Amino acid sequence: MTQDEMKKAAGWAALKYVEEGSIVGVGTGSTVNHFIDALATMKDDIEGAVSSSEASTQKMKALGIPVYDLNSVDRLSVYVDGADEINDRMDMIKGGGAALTREKIVAAVAEKFICIVDNTKQVNILGEFPLPVEVIPMARSYVARQLVKLGGDPVYRQGVVTDNGNVILDVYNLKILNPKELESQINEIVGVVTNGLFAKRGADVLLVGTPDGVKTFTTK
């Protein structure tokens, strides 16, 4: 089974967590694109979706899935999204696609976070994948200096502007032993919008596409 086939299996497996008549939170990325394809097969059974990125919004609209503004929605039963890394405590690094802030907002609203990945994303310790940090443009150099003090090597992601009009610093060489603490430390730096650690609001259910099928993990 190829990596993309494992992503597809995980994406389609998430469909069973979607409630009829509900509005579904939808993330961003290659694995989520498979979930969107799956969601389109039951578009007449749901009210619609809230999207974490312009890319996902465009894909859903093209498939006939109604997309709502989050501010007009009181409740999201589930949020389905991928991860760049996830550990066995369901802490994640996200933001490789630069949609981390909107992803974090939608995840905060949802009652249940379903994370869908292929098995290459599972790790023991977070940090091999560079940690994305969304930054107000004028604060980029200042924030980079503060991230160096935390032990990281920040690199400006050239040519990328987020859906919110900000820039991304990718922080390399972090061995993240306490994800919740580091998430807070980085978010306290003036000029940071948010960072790609999802530890305070981690996943509730993890669906992993493997060569042997989809494996399900849940928080204790």
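Cβ coordinates are placed from backbone N, Cα and C, and glycine is handled just like the others.
If you check Swiss-Prot, you get these features:
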ACT_SITE  GLU103  active site, proton acceptor
BINDING   THR28, GLY29, SER30, THR31, ASP81, GLY82, ALA83, ASP84, LYS94, GLY95, GLY96, GLY97, LYS121  substrate binding site
GLY96 (substrate binding site) to GLU103 (active site, proton acceptor) - Cα separation in whole Å | 12
Other than its own, how many Cβ atoms are within 10 Å of the Cβ belonging to LYS121 (substrate binding site)?
-> 23
Cβ atoms other than its own within 10 Å of the Cβ of ALA83 (substrate binding site), all chains, total 30
Non-local Cβ contacts of SER30 (substrate binding site) (under 8 Å, 6 or more apart, same chain)?
-> ASP4, LYS7, GLY82
From the Cα of the residue listed as 'active site, proton acceptor' across to the Cα of LYS121 (substrate binding site), what is the distance in angstrom?
-> 18
Write out, in the order they occur in the sequence, the residues of the chain not among THR28, GLY29, SER30, THR31, ASP81, GLY82, ALA83, ASP84, LYS94, GLY95, GLY96, GLY97, LYS121 that have a C-beta within 8 Å of the mean position of the C-beta atoms of the recorded substrate site.
-> GLY27, VAL32, VAL117
Where THR28 (substrate binding site) and the residue listed as 'active site, proton acceptor' are concerned, what is their Cα separation in Å, rounded?
-> 8
Largest pairwise Cα distance, Å, within the listed substrate binders THR28, GLY29, SER30, THR31, ASP81, GLY82, ALA83, ASP84, LYS94, GLY95, GLY96, GLY97, LYS121?
-> 15
Starting from each candidate's C-beta and looking 10 angstroms out, tell me which of the binding-site residues LYS94, GLY96 has the most other C-beta atoms.
-> LYS94
Measure the Cβ-based neighbour count of THR28 (substrate binding site), defined as the other Cβ atoms within 10 Å of its Cβ.
-> 29
Quick note, ALA83 (substrate binding site) and the residue listed as 'active site, proton acceptor': C-alpha atoms separated, nearest Å, by 11
For ASP81 (substrate binding site), the same-chain residues 6+ apart in sequence with C-beta under 8 angstroms from its C-beta are GLY25, VAL26, GLY27, THR28, GLY29, VAL32, SER52, LYS94, GLU103, VAL106, ALA107, PHE113, ILE114, CYS115, ILE116
